[in-house]
Amino acid sequence: QLTPSSLLRIGQLSNVDLNEDIHELETELPRQRPNEIPHNEKLLSLKYESLDYDNSENQLFLEEERRINHAAFRTVEIKRWVICAMIGILTGLVACFIDIVVENLAGLKYRVVKDNIDKFTAKGGLSFSLLLWATLNASVVMVGSVIVAFIEPVAAGSGIPQIKCYLNGVKIPHVVRLKTLVIKVCGVILSVVGGLAVGKEGPMIHSGSVIAAGISQGRSTSLKRDFKIFEYFRRDTEKRDFVSAGAAAGVSAAFGAPVGGVLFSLEEGASFWNQFLTWRIFFASMISTFTLNSVLSVYHGSVWDLSSPGLINFGRFDNEKMGYTIQEIPIFIFMGVVGGILGALFNALNYWLTMFRIRYIHRPCLQVVEAMLVAAVTATVGFVMIYCSRDCQPIQGSSVAYPLQLFCADGEYNSMATAFFNTPEKSVVNLFHDPPGSYNPMTLGMFTLMYFFLACWTYGLTVSAGVFIPSLLIGAAWGRLFGISLSYLTKGSIWADPGKYALMGAAAQLGGIVRMTLSLTVIMMEATGNVTYGFPIMLVLMTAKIVGDYFVEGLYDMHIQLQSVPFLHWEAPVTSHSLTAREVMSAPVTCLRRIERVGTVVDILSDTSSNHNGFPVVESNPDTTQVAGLRGLILRSQLIVLLKHKVFVERANLNLVQRRLKLKDFRDAYPRFPPIQSIHVSQDERECMIDLSEFMNPSPYTVPQEASLPRVFKLFRALGLRHLVVVDNRNEVVGMVTRKDLARYRLGKEGLEELSLAQT
């Protein structure tokens, strides 16, 4: 039911663009874009490649490793620590930059609008103020959306699903480029200043990962600069470990929670982990928090007082007021249930919305228009809510940044305005800490309702934005409402302090949307600076996860699935023991002989119908009686480097004139290997022979064709493989298992289901 032309275009929107080389070929075709793209979540996209997390142990690699002595390994280890320190420092600085710019720009915007409202309240004509506010928002968001939609679509959203896929072993184009980082940082500043219902915390994780990937390679492919340092780390295995450190540093800069950062990287991000890594990642997180802290302290003018560890600071919860008693635990669990149900509702709505966006809003100009519409609507809703609210509070003793008087008496301010007329981070802190009686229940109820739908509509727009803060804000609002109603019911007894319930509500709502348990507990504990709440927060988050998972999966997993990424979970589907490797594998396999004609290699690589990336190498005896057993495995990228350097011999028996290639030649070509079309091979060269024995991996992992799917899955997933060769009992190649073959099988509502593969 999918026509080829519409298939070509599915890839446009799912936030991830096709590789550049495919683009060059595509422009020759007339671009027809259908109005509707038939998209279906039961698809698995073939446009994603895997990363080579498994080192190719060919002769070159082994020779280099044998040459390295103990002292050289010491320096490599020291370099790793240096890189981690640099990741921490740079992530902290980027976070400072975002924070300071947002604070100044948002402050400027709110001052302008506030003066305007104060002027027009006196003499009538408030519609001008509304127009001003909506126009400011829409124009700022327009810039933020244009740079994302037209320059780097991968920078859209929070970037956590993309980093999760990268760490799982899926190569998402452009995800860790310098360009992505620049667009991400600018985009996040613009979308927060534009007053959207977003936070700047989620994108910090993506920014940290890009910084880590860039530093660990010691060069920038975007700037065409090579600094000739850290060349040992130019391979996917090493890069992955640094990217998980970057993600952790991002979390710890965002929330001031270094331990939470390490646990986040472990729980949500990294699919591979070892003990040495933990310690290095913790180091990077600590450095990142410390950098942010010291720079912001200097900026706020108190040099020696390190008081702002993260971008969001929930403030101190002191124990005297805020202890909890044993009879409140059932109440907290009930709040967890509410959070799980609301989170599942949020995800379900966002799911349908994203499906709609994938089908209809796939042109960049439409995406920009939608973002501007959301910005204008957000401002209008905020204005109308403030205008209709009659909830006035006395100004003295309150810490409101921009008190709006509107129709309140002198010396009073409108309390709805503290929620809408502020950056979301400040609103969360106000909901946690304002004294009891600062908010009218009606105000909180209306705010929760409106903000819930606004945040749901905003997530998935083509702007860089996180979902952490809006979820905390929704949860804090209904949690505070819950606390107020409890103190009404118990006739104002002391234990119903609304701030405490606001905290629990925030945890429940966030847990219900993103379904993190361990790391979120620790992040909330570190951000509030209070260990006493560890147990209730954990209970709330566990309940929210259990309840939410009953209805629909977490937001990030849902978006990974909507983009048809071949993501491998920890375990194979439970009912898959009946399948064997023979049924799962791709066959027939394109094999190369150990000494092969150059022409044959070029033809195999240029064949677009079979876009393979790994080729089993078999014995090249012309004698047919002997079995063509498996001898090794060679990758497309290695073959391309061999052809580029013209490593051939004239005839099969002259093997002396080969130019020795070093591992350095392969590392210099990483990560963007040239496409085969750019390599010119003359007619004479096609007749030469190429000897693959010292470049192939002589010991690839293999499985017999009778192995069951869970066994194949475990081997593939735990070792981070890209190709797993299936052999019969005579060691002949019968098939190949790749990521797509395993990710195809998923547990659905009716048991095991098999997804279909789409070309886009």
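Here the Cβ of each residue, glycine as well, is placed from N, Cα and C on the backbone.
Annotated transmembrane segment per TrEMBL: 81-102 (among others), in sequence order.
What TrEMBL lists as transmembrane segment is 130-151 (among others).
Sequence annotations record features per position, and here TrEMBL assigns transmembrane segment to 181-199 (among others). If one looks beyond the transmembrane segment (181-199) by at least 6 residues along the same chain, the residues whose Cβ comes under 8 Å of a Cβ in the stretch are 94, 97-98, 101-102, 105-106, 109, 133, 136-138, 140-141, 143-145, 147-148, 151-152, 155, 159, 206-207, 210-211, 214, 312, 374-375, 378-379, 382, 423-425, 451, 454-455, 458-459, 461, 463-470, 472-473.
Packing against the transmembrane segment (242-265) from elsewhere in the chain are residues 83-84, 87-88, 91-92, 94-95, 163, 166-167, 176, 200-202, 204-213, 215-216, 233, 273, 277-278, 280-282, 284-289, 291-293, 308-313, 468, 516, 518-520, 522-523, 525-527: each is 6 or more residues past its ends and has a CB under 8 Å from a CB in it. If you look up TrEMBL, you'll see 242-265 (among others) marked as transmembrane segment.
The transmembrane segment feature in TrEMBL is assigned to 277-299 (among others).
Residues annotated as transmembrane segment in TrEMBL: 329-353 (among others).
Marked as transmembrane segment by TrEMBL: 442-461 (among others).
The transmembrane segment annotation in TrEMBL covers 467-489 (among others).
Marked as transmembrane segment by TrEMBL: 501-525 (among others).
Feature annotation from TrEMBL assigns transmembrane segment to 531-552 (among others).
The average pLDDT computed over the domain 'CBS' (696-754) stands at 88. The annotation domain 'CBS' is assigned in TrEMBL to 696-754.
Proximity of distant same-chain residues to the transmembrane segment (329-353), defined by a Cβ-Cβ separation under 8 Å and at least 6 residues beyond the stretch ends, is recorded for 452-453, 455-457, 459-460, 471, 474-475, 478-479, 482, 486, 501, 504-505, 507-513, 515, 536, 539-548, 550-555, 558, 562. Here the transmembrane segment (81-102) has long-range neighbours at 181, 185, 188-189, 192-193, 200, 204, 207-208, 211-212, 215-216, 230, 233, 242, 245-246, 249-250, 253-254, 280-281, 283-292, 295-296, 299, 311, 423, meaning same-chain residues at least 6 beyond its ends whose C-beta is under 8 angstroms from one of its own. Distant neighbours of the transmembrane segment (130-151): 109, 112-113, 116, 179, 183, 186-187, 189-191, 193-196, 364-365, 367-368, 371-376, 378-380, 382-383, 461-464; these residues of the same chain sit at least 6 beyond its ends, with a Cβ under 8 Å from one of its Cβ atoms.
Here the transmembrane segment (501-525) has Cβ contacts under 8 Å with residues 251, 255, 257, 259-260, 263-264, 266-268, 314, 317, 332, 335-336, 338-344, 346-347, 428, 431-432, 467-468, 471-480, 482-483, 486, 531, 533-534, 536-538, 540-545, 547-549, 553-557 of the same chain, all six or more residues outside its ends.
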